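Below is one structure, written out as structure tokens, with a few remarks after it.
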Amino acid sequence: MASFYLRDALLQARATANSDEDRGPAYSAFLIVMTVAVVIAIAIRFWSRALAAPEGPFTSRYWWDDWLALAAVPFTLVSFGLCFTMLHLGLGRHFTEMDPENMLPFFTVLFAVYFTYDTALVLLKASALFFFARIFLSRQYTTWFSWCLYVTHFLNISWFVGIVFSSAFICKPIAKSWNPTLEGTCGSTPGLWLGSAIPSVAIDLIILLLPLPMIWSLKMSTARKSGITAIFVLGYCVIIVSLGRLVTIIQNQKELEADITWGGIPVLYWLCSELTITLVSICLPATVHLGRRAARNYFSPLATKITSIFTSRSGTMGGGGGTSSQSHHKNATGASAGSNIRMRTGISSARKAGFETMSDDKSIVSMESRRHILLDRRPGVYEAHVSNGYDHDPDVVFPPADQNRILVKNDVSVARS
């Protein structure tokens, strides 16, 4: 009987409602961004781990912190998918505008979100704790720190078990949690969300403070300790999101009770942000190896090449003079068996490479290697000793050089001067 009364009330309210307010489209776009961020973060984490060699006492590149982070991803994506489903069922609009046929599916999906969200969050917190064990295990892993890790793990698991049971048995009978038309009683939904948020914030605060004593016990300068501390604090900034979720729940308690499809949107923003930012935070330290590799193989050579281009251009513009002209004349006539060429290039150690020099009537300018191997991260002034090759192999025949070109067909030994 209660089912008919509620259905009739919704139909009557929907008939009299005249509101175009809809928070759904903005929240849908937000969910897409969060989903992409989660996938990219976990992919980069495992890519970086694959490039790194095992460290310390570990025999594998991957450890519990990696596998727990990976295990949290499916639950996170399922939570986002369920939120998308609720949008199609009326989330983002006022409850009085919901199609009565969507009411039962909506509350069923909302009930499922409680469990997928809490499971993802407990796995992410556990991953952060195992990461601390990973980085401090190879150093002075003191007894007090190990016990702190055990206690925090216990608090994390206890919070998870408590919130799962609270979510499952908030209504009597249990089916009333997803079917409000049944007769029975239910606890407060805002109270349930507060009961989840407050312990979560406390555990996040413990995780944030836990590594700080270990950092300050390291033998390094105070400035460096302060820098590492700032990195840890900024890296685990998810506590700000946890506090935001808590404050939003407190501010919207009445709206959550009376109009959950409309008032629940601000809380769900924080909920999805918490999962994404937690995952990104615990994945950032694992991407150090990939960042170093990218800097070494791509960014540093690119910066050096750009510097070399500007340097060679400035050298070309100011490279005229009698000395260059004399050097050009000697090489063109073959009167000298060797030449010293001052050039700005990038070789970090003595190497050999084939290259050619181009000249005009007044100067000699060393060009970049045709094979692009004269590159280095430390630009400097080098001296190239060019041998014409006649002393080593008299059978070598070189094509005749014209007046405006010097062709060097042999090896060049380049060393820092």
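Backbone N, Cα and C atoms are what each Cβ position is placed from, and that goes for glycine too.
Note: TrEMBL annotation is automatic and uncurated.
Feature annotations, reproduced from TrEMBL:
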| type | residues | note |
| --- | --- | --- |
| TRANSMEM | 26-47 | transmembrane segment |
| DOMAIN | 59-290 | domain 'Rhodopsin' |
| TRANSMEM | 67-91 | transmembrane segment |
| TRANSMEM | 103-132 | transmembrane segment |
| TRANSMEM | 144-170 | transmembrane segment |
| TRANSMEM | 190-216 | transmembrane segment |
| TRANSMEM | 228-247 | transmembrane segment |
| TRANSMEM | 267-288 | transmembrane segment |
| REGION | 315-337 | region 'Disordered' |
Positions whose Cβ lies under 8 angstroms from the transmembrane segment (67-91), at least six residues beyond its ends: 24, 27-28, 31, 34-35, 38-39, 42, 45-46, 97-99, 102, 105-106, 109-110, 112-113, 116-117, 119-121, 123-124, 126-127, 130, 261, 264-265, 268, 271-272, 275-276, 279, 282-283
Stretch among 103-132, 144-170, 267-288 sharing the most Cβ pairs under 8 Å with the transmembrane segment (26-47): 267-288
Per-residue pLDDT averaged over the domain 'Rhodopsin' (59-290), given as an integer: 86
